[in-house]
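Shown next, in structure tokens, is the structure this report addresses.
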Protein chains: 2
Amino acid sequence: MSAEAPQAYDDLLEAYRRVSNVESAVGVLSWDQQVTMPDGGAPARSRQLSTLSGLKHELLTDDGIADALETLDRSELNDEQRAVVREIRREHERAAAVPQALIEQISAKSSEALEVWESAKADADFSQFAPVLEELVELRREYAAAIDPDRDPYAVLFEDYEPYLGLETAEQVLERLRDELVPLIEAVGDSDVTQPDPFADGTYSEQAQEDLSREILTRIGYDWDRGRLDTSSHPFTSGNQFDCRVTTRFLEDDPLSALTATVHEFGHAFYNLGLPQEEYGTPLGSSRNLSVHESQSRLWENHVGRSRPFWESVADDVREAFEGVEDIDGETFYRAANRVYDDNLIRVDADELTYHMHIVVRFEIERDLINGDLDVEDVPEVWNDKYEQYLGLRPENDAEGALQDIHWSHGNFGYFPTYTLGSVMAAQLYAAAEDDLGDLDGSIRAGEFEDLQTWLRENVHHHGARYTTDDLVEVATGESYTADYFLEYVTEKYGDLYEL
Amino acid sequence: MSAEAPQAYDDLLEAYRRVSNVESAVGVLSWDQQVTMPDGGAPARSRQLSTLSGLKHELLTDDGIADALETLDRSELNDEQRAVVREIRREHERAAAVPQALIEQISAKSSEALEVWESAKADADFSQFAPVLEELVELRREYAAAIDPDRDPYAVLFEDYEPYLGLETAEQVLERLRDELVPLIEAVGDSDVTQPDPFADGTYSEQAQEDLSREILTRIGYDWDRGRLDTSSHPFTSGNQFDCRVTTRFLEDDPLSALTATVHEFGHAFYNLGLPQEEYGTPLGSSRNLSVHESQSRLWENHVGRSRPFWESVADDVREAFEGVEDIDGETFYRAANRVYDDNLIRVDADELTYHMHIVVRFEIERDLINGDLDVEDVPEVWNDKYEQYLGLRPENDAEGALQDIHWSHGNFGYFPTYTLGSVMAAQLYAAAEDDLGDLDGSIRAGEFEDLQTWLRENVHHHGARYTTDDLVEVATGESYTADYFLEYVTEKYGDLYEL
């Protein structure tokens, strides 16, 4: 290391910690807005958030960071330092490349779009939303061009959410899932087997559902000294290695929904709570991108929370929690939690199998929109055609079609694929954990999660953002990122459930 | 106004709004820390708060603000603009005068002092606390000298909390209260009358107390769309004109305590919620200083919440809320809420009358400490002597003596007098409202608070920080600030209660 490197490195870290602390403050204000803030607080909150976002941008693009990065360019660094510099440089360069005025335009247009989207969805009328969506697509194309005018703009946007796997990998995985899941879903639809629904006729109090959620969170290892459970209209996770909170929401007629959501959010929180505390505020103490985050939530939601041994282990609690299911056994709960919905048009209600077809539709449409291969006005028809092609279903209106998700109205294009990339990664990580730990099914059936927790902490959480996504998968599993494990998992599981 | 003034004025407001938004964000993070944050979150939270405080200081001392103020110095401004510039200049100059290093020293020393104080208090041993208190006194003297080396340092510190009434006024008021309340308290002690305690033998569930607090908050006009009620170890209020929240805490054996605290905090919140929304983030949309804030909390706590008509109006609710008080009438509740404790050594448990003697003790001691007329090591004995002199009581140890309050360990000297100045102001404002509105007693007895609310909004809240404290009192009441009304109020009230 050159003589000046240590000082520049320390300067960089100190400057970055301030960026990170402002970002954490934004997280607290957003959590509060969604969980505790009275409705009337919105005007003040949006101004507070706007000031903090502006300050974060100023701190991140500050000359001090630019100078330190330039000095460190000419310095010899160890692996850890190189990783830190790589991450901060990436964030700094992206922020510096985009004019502040464009950021503000996107932000303002998104606020407008959100309102238009809500009203268009209420009227099930995509044509109301089309003009503002077109403007957002154009602004995001400008944004991508500001970062790199020579590359495919959708690839550039995608990297805001998953910077390292590359769009080509995403495309290959999504194509492969489309090719292999469509026939599997058809076979499930053709099967004579139907799964039971022991909760079909009852209503289930919020209090009973909440008590059960808390019990199960405790069981799977949520650290209440560093977390809390609240309700919000959409479940989410917010926080860091000192304080990471989950939310859920309770449906009176479907207690499985809240349980699944809670375990999903636990996976996100358990990741953040496993980041090294001594590295708080630096890339080594920060989570990797959205794909890896989603791998953690999906691993707990699906590989643990929708597994046969899990339902055998919690069956007693479920029977005690709710009236009318006193005679239901673990196997029946397990099957109920894994029904495949061949008549569902809504992504957030989808099962583990059809879910990815919802993603494929969105991915193909937003990629073509951003790259100029699809006109906004044609979105509803293309959307409906693709649903027919991949899921054998045709939406009857735009509310259950192209208007169902909030993402585009937020100006987010390139986010959707990370849901599937994460699910695929979850299967690969779980297979590696099973390989290392032996009889995971047995432990889960016995209600013992410590081995799995330790494995995830040591092989994933502990690294923070030290490795790129692809390297992290390789370090944790010994193999390159692959969809093999996911496809093997769903083929075996649903083959068994539906006697294929 | 000169040609360049409008631009400089707009620039100043825009810059100040950012300061104000960061300050609001600090408020949200602090509220969260005291109400919802899991214990484990403390290390991350303190770093977030430290970054935001540093940013606020940087924004407030920024060249942009300095330049705009300089331009506006040479500009013709209207009254409103002059008020805005006066307030921002004051904040800017104070922040710019004190070296950042000294601010950080005080902040670090206070963190240390807080821990030492907690342990010294647990051991009832002032000598453990003395060294760090001495350092804080010295640092605050430096702080005062940085702002103005030629003035009485305690007067400078006092102005951080009450910038306009002046220390001389505070001294006169406190001396007058000491002179007139000491004999009154003695007379009460000598009286044969004792007030009833209908809650003496029961325990009162938290849920019943909370329900009653909510009912009464609704009754006196709390806007739940812009507020919430939570619990915290010390009751407090946090927020602005869009979102202002109160907390309370429930004592199982004393339901009057939570009720009184809740109504007190309501007074603070009702003030903030009455600030003009269109002026959010500017001095015209900010509350005046601590004395005025305390006048609003004390007005509701004492002049409304400890009044005979108030207890007559809520007696039904209280009887319904708690078991064992079904036969108690409003007069008895009123008397119970106004007992004078002649054996109480603890400020926060004090009644409306003896409270100010607790303040006088602290004021005289901290003034002499800061001005160098008293050594830290002599504080406990002086404290105990003064308690004996003013309240006829002598603390048996330092925990119930000089270690009871947290303020000095926070490095706050000059804060205490605002409690009394606010109470005095409350009486003057209430008398003026009564003068304008006629039979306030009758309205309160009928559970009608609208006239009083409107009067406070129009005469106090609506002005924000447009007027200096003394001018505000004059605008609202038509008279200069005076303790006459307070002394008249307590003399009449306690003369009646104790048949003096």
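Cβ coordinates are placed from backbone N, Cα and C, and glycine is handled just like the others.
Keep in mind that what you see is a predicted model, and the values were worked out from it rather than measured.
Among the candidates A:E215, A:E294, A:E312, the residue that TrEMBL names alongside A:H264, A:H268 for the Zn(2+) site is A:E294. Shown in sequence order, A:T418, A:Y419, A:L421, A:G422, A:S423, A:M425, A:A426 are the residues of the chain, 6+ apart in sequence, with a C-beta less than 8 angstroms from the C-beta of A:E294 (Zn(2+) binding site). For A:H268 (Zn(2+) binding site), the same-chain residues lying six or more positions away in sequence with a CB closer than 8 A to its CB are A:T237, A:C244, A:V246, A:H293, A:Q296, A:S297. The Cβ of A:H264 (Zn(2+) binding site) lies under 8 Å from the Cβ of A:P235, A:S297, A:R298, A:W300, A:E301, A:G305, each of these being in the same chain and 6 or more residues away along the sequence. Of the chain residues outside the Zn(2+) site list A:H264, A:H268, A:E294, A:T237, A:E265, A:G267, A:H293, A:Q296, A:S297, A:R298, A:W300, A:E301, A:G422 have their Cβ within 8 Å of the site's Cβ mean position.
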